[in-house]
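These notes are about the structure you will find just below.
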Amino acid sequence: MSTTYRLSKAFRRKTFICSDCRKWVTEVAGKQQRRDITQNHLRKINIAAREWEERKDAVETGSAKSILDRLEERGLVNQIVGTREALNRVLVESRVGVYCGVDPTAASLHVGHMVPLMALGWMYIHGYSSTFLLGGFTASIGDPTDRLQARAEKSKSERSQNALNMFEQLVRLSTNIEKYAERKGYHREWAWRRAVKNNQEWWRKVTVGDYLKRLGKYMRIGPMLGRDSVKNRMQTGDGMSYAEFSYPLIQGWDWWHLYQGGTQLQIGGADQYGNILAGADAVKAAMQDDKAFQQKHEADRKGVDASADPMGFTVPLLTTASGEKFGKSAGNAVWLDQQLMSSFDLYQFFLRSSDADVEKYMKLLTFMPMEEIQQTMREHASDESQRVAQHKLASEFVELVHGRPAAQQAEQQHRQAFSSTLTVQDIKAQTRTPSSTNPDIRPDDIHPSLNKRAQPLTQDASYDINIQLPKSLVWQQPLSRILWSAGLAASRSEAQRLINNKGVYIAGQVGKDNEYVPIDGHVNYVPVKDPKWSATEPLLIDGELLVLRTGKWKKKFIRIVPDEEYEAKGLTCPGWKEETESPADAMVKADLAGEESYRQEGQEKAKISEQRRRQNSTKRFGGFGQVTGARMGHRRGPQERAV
Ligand SMILES: N[C@@H](Cc1ccc(O)cc1)C(=O)O
């Protein structure tokens, strides 16, 4: 038997066609499976190989840009592991595989994750076989990169819930990337390959013996000890567990696993340079150890001009023009899950981008061609108040992550709610009829809300500007409580802070005697000045409609319904019945608390070791109860108990 045709000069897979029996042979762990091959399939392989050659020629003769040039021009490349020349060569030469991993440390991806995933998306739509990897196993160890303290241990059920959510999200995202690219003129080709994997799949089977013999044996601890994350932990942080110390090798093993199927490249966030570098060494070591693989690999690569070394690159950290970490809006993480952040809110988040940032975000976070971005910026410059570029960015991004119907709906709602000619009549119409007037929107396009926040009027939009609340939660209730129930604040205390800071507005007008009166024509907002103010009823439009705004952008049109009706509809919201804070709110809070402590770490190095010493001694005296007590206190303060 000999191999006459290999798909894998381009793909480098262990799949080939047997010259004797003319069948597909797939080799898995030394075992061969044979399948019939159709002429049609052969033809497709030939076409794909020819197209690749043509593209390669075009790049080599300078008539087309290489993928690396394209990524760089959009600002998607930060540091390269390996040399730029070698990386460019590899990418021009063959359809190498590429992967990017994400650890499910929360229930949802957030905006910051999107930068490396966009780089992966670009590679996918240029024909490189792409793996979206979920670090189900690695998350249980916790990447110690740039952290002075180990991540808080999560329960097994929380970990698996997070992994399930995020896996599903990655599947949806990879499909959306394809759909979105289609609209941008990148039509799916037969040779495009994408996969979503969970590293649990192989870690379940790896034995300690395998790991130590095939990888551990070759890795020197000198360079590993020299990494900043390790040094900082040893000197000023909490010390480091053996598992965390091994994290880069474990990530490296993932790469080795994928490398055997042709994944030569890894992409990561800005902080992943060290892990990718260590991973490249690990792959080389494991390859040296596996003589059989090496021989087969070399045979497969005959005629390929480029290096077979594992390579990679990192993308830049997403920041605002003023240098802040992007992805936290008014203290909240910008989640991509519609159950945690509605399309409307996500749209709004991007609508708030500054003029100095918007172009950069379009390059990093959309598939808009460069010419379209420039054209949009020119239009934007002619009247910045229209926020043309921000609207464009928002609608492109929402389309990418939530799909086109959701983006269209969010845009429509925004344009309406923020138009200067908005009238009470408009709001009444909007809250009475289903908010999705767009015929393209089907319930399947927008997945239903499972979360406990205020529910929308219709089933086919998750969170939106129109909500209903039961009368008992509004009537004679403090405004802070209404804000919380309406989803405008993550807790009652946060709501109270907003009111104290004069960040809450209510649709109405101030009458002759300085009293509030409801509006009836154009919508006007008055700031709530009195922190204890609770006189909401006189401001209800027609006795049933309340319009609230927090800050400049967040609005809710609230229709008040009898409690029985609210209950009959199966609706729920914070404060309703036994509901306390929703899981989503609790998550936002936990994340904020985490972020806050992370931010302070830099300044508090000395304090941390002091704290550790104190904690140790408390533990010795049975201080666990205290720790738990403090946590519970954080979740629900005394003033937040049910009234
Ligand atoms: N360590 C990566 C996630 C990751 C996990 C496993 C991998 O193989 C690759 C990447 C991060 O924290 O962002």
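Just so it is clear, glycine is given a Cβ too, placed from its N, Cα and C backbone atoms.
Because TrEMBL annotations are produced automatically, they should be read as predictions rather than curated entries.
Note that this is a predicted model, so its numbers are computed, not measured.
Quick look at what TrEMBL lists:
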type: COMPBIAS; residues: 406-417; note: compositional bias 'Low complexity'
type: COMPBIAS; residues: 418-439; note: compositional bias 'Polar residues'
type: COMPBIAS; residues: 596-613; note: compositional bias 'Basic and acidic residues'
type: DOMAIN; residues: 477-559; note: domain 'RNA-binding S4'
type: REGION; residues: 405-451; note: region 'Disordered'
type: REGION; residues: 595-643; note: region 'Disordered'
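Across the range of the compositional bias 'Low complexity' (406-417), the DSSP-based residue counts are 12 helix, 0 strand, 0 coil. Secondary structure by DSSP for the domain 'RNA-binding S4' (477-559): 19 helix, 25 strand, 39 coil.
Across the domain 'RNA-binding S4' (477-559), the prediction's mean pLDDT works out to 83.
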